[in-house]
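Beneath this line is the structure, given in structure tokens, with notes to follow.
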Amino acid sequence: MNKNTWVIGFTLFAMFFGAGNLIFPPNLGLDSGQFFWPAILAFVLTGIDLPLLGVIVGALDKEGYIGALNKISPKFSILFLIIIYLTIGPLFAIPRTASTSFEMTITPIIHSNSSIALFIFTIIYFIVVLYICLNPSKLIDRIGSLLTPLLLITILAMIIKGYLDFSGNTAGKGNEALYHSNFSSFAEGFTQGYLTMDAIAAIAFSMIVVNAVKLTGITKTNQIFKQTLTAGLIAAVALIFIYISLGYIGNHMPVSDMTLDQLKSKDRNIGTYLLTTMASTGFGSFGKYLLGIIVALACLTTACGLIGAVSEYFHRIVPKVSYKAFVLVFILMSFIIANQGLNAVISMSIPVLSIVYPVAITVVLLILIAKFIPTKRISQQIPVIIVFILSIFSVISKLGWLKINFIESLPLRAYSLEWFPVAIIATILGYLVGIFVKQDPIKYQQE
């Protein structure tokens, strides 16, 4: 394993390890109570395993996801990727990195969620992002060689001290309404993993990783696939350690019901409170500055990776507009949305993610299946269409806009996983229909 692979692996870790990866694991640990392990393992499944799979599947075709999705439908490829890139880009994920950075670096110092302070902070934050992203050829090196080592050292220090401070405590009762059995906890952890947005971000990051591997002189698809897999495993191991560690510490932190009620009444994010408490308990007044460094580095690396990926994709489909112009446009959009505040950004993203995630997971698995089992285009189109329509109606019903009895009666609906058995049935149906349709099996470009 050469130095380039390590740099790419660390870069991928840093791009994945952003705002949600910090605040969701300790929150999950607190809420899961006695059912921590099924919850955190499910969170790891959607927060790490699926993103890793998403990255390496993107290396199966010479043209990446653009080429693989074109096999399903060229129009679907463009529409789906635009939705993906906007979701994990300027509409939700990038603004969240800025608002999280503010809430965990500035708010503990000024003791308020001042909109003016947020405005000033986001201006400075996105100027730094702009500087790093303007030269895409240096993006990997700047993140992997400079920012990631600092991020790993600082967060490791906080995890070790947090474990020493809180591991002796017994786990709290947690949120018993959601976490009342092994299965309910697994299902809740699985859907909580959606909020990291990493499984759909993997589709975007795959392009950056594959391009970085190519820049090292590797051109054959099989070798690109192996290097991408190795880099992905490096990132995954680091993420698994950090997720479980932060979740475990959160699971053993004593937080009273009164404190939780106060946080909710002040619109404070509970995950950020847990991290702040962890840092201040372990390092005193210096803790908030240590946490600030961790958050700033984690969010900054993710924001840079996302801005770079989104801008490269849109420049590719609209070549008349330069990469730098797209960088400026998406940073401006992210700046505007970030100023709505952290909880607002998270709340806005949940319905969209509930539609996009099932489709993204289905697409990634269908591409992987087609690599090993002869698959016709119609066999991929049917499950994608069915899961997409089902996800839309599921969100409509969950939001209360229209009560759909059929949706509410589906298996696993109580756990927001009703799409999964439907996806399996739709995939089988697609293959049966494919038997009677005259189409050539899908072949991914290797050279």
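In case you wondered, yes, glycine gets a Cβ from its N, Cα and C as well.
Going by Swiss-Prot, these are the annotated features:
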type	residues	note
TRANSMEM	6-26	transmembrane segment
TRANSMEM	40-60	transmembrane segment
TRANSMEM	74-94	transmembrane segment
TRANSMEM	114-134	transmembrane segment
TRANSMEM	143-163	transmembrane segment
TRANSMEM	193-213	transmembrane segment
TRANSMEM	229-249	transmembrane segment
TRANSMEM	290-310	transmembrane segment
TRANSMEM	326-346	transmembrane segment
TRANSMEM	350-370	transmembrane segment
TRANSMEM	382-402	transmembrane segment
TRANSMEM	417-437	transmembrane segment
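Panel annotation: around the transmembrane segment (229-249), residues 1, 5-6, 8-10, 12-13, 16-17, 21-22, 25-26, 28-29, 32, 36, 39-40, 43-44, 47-49, 52, 55-56, 59, 152, 155, 159, 162-163, 166-167, 209, 213, 275, 278 of the same chain, lying at least six beyond its termini, place a Cβ under 8 Å from a Cβ of the stretch. When Cβ-Cβ distances below 8 Å are used as the criterion, the transmembrane segment (193-213) is approached by residues 4, 8, 11-12, 15-16, 20-21, 24, 42-48, 50-59, 64-65, 81, 84-85, 87-89, 92-93, 139-140, 224, 227-228, 231-232, 305-306, 308-310, 312-313, 346, 349-350, 353-354, 356-357, 360-361, 364 of the same chain, each at least six residues removed from its ends. Note: the stretches the transmembrane segment (114-134) and the transmembrane segment (326-346) are in contact (3+ CB pairs below 8 A, sequence gap of 6 or more). Under the criterion of 3 or more C-beta pairs below 8 Å, with sequence separation of 6 or more, the transmembrane segment (290-310) and the transmembrane segment (6-26) qualify as touching. Beyond the transmembrane segment (6-26), the same-chain residues lying 6 or more positions past its ends with a Cβ under 8 Å from any Cβ of the stretch are 40, 43, 47, 51, 55, 93, 96-97, 99-101, 104, 140-141, 143-145, 147-149, 151-152, 192, 195-198, 201-202, 205, 208-209, 212-213, 227, 230-235, 238-239, 242-244, 246-247, 249-250, 253, 269, 271-272, 274-275, 278, 294-295, 297-299, 301-306. Against the transmembrane segment (326-346), the recorded stretches 40-60, 74-94, 382-402, 417-437 differ in Cβ pairs under 8 Å, and the greatest number is found for 74-94.
Here the transmembrane segment (40-60) sits apart from the transmembrane segment (417-437); fewer than 3 CB pairs are under 8 Å, leaving out pairs fewer than 6 apart in sequence. A Cβ distance under 8 Å defines the sequence-distant neighbours of the transmembrane segment (350-370), meaning residues of its chain 6+ beyond its ends; these are 46, 50, 53-54, 57, 60, 68-69, 71-72, 80, 83-84, 87, 91-92, 194-195, 197, 199-200, 202-203, 380, 383-384, 387-388, 390-392, 394-395, 398-399, 416, 419-420, 423, 427, 441-442, 444. Through the fold, the transmembrane segment (417-437) approaches residues 187, 190-191, 358, 361-362, 366, 369, 375-376, 378-383, 386-387, 390-391, 394, 407, 410-411 of its own chain, all at least 6 residues removed from its boundaries and within a Cβ separation under 8 Å.
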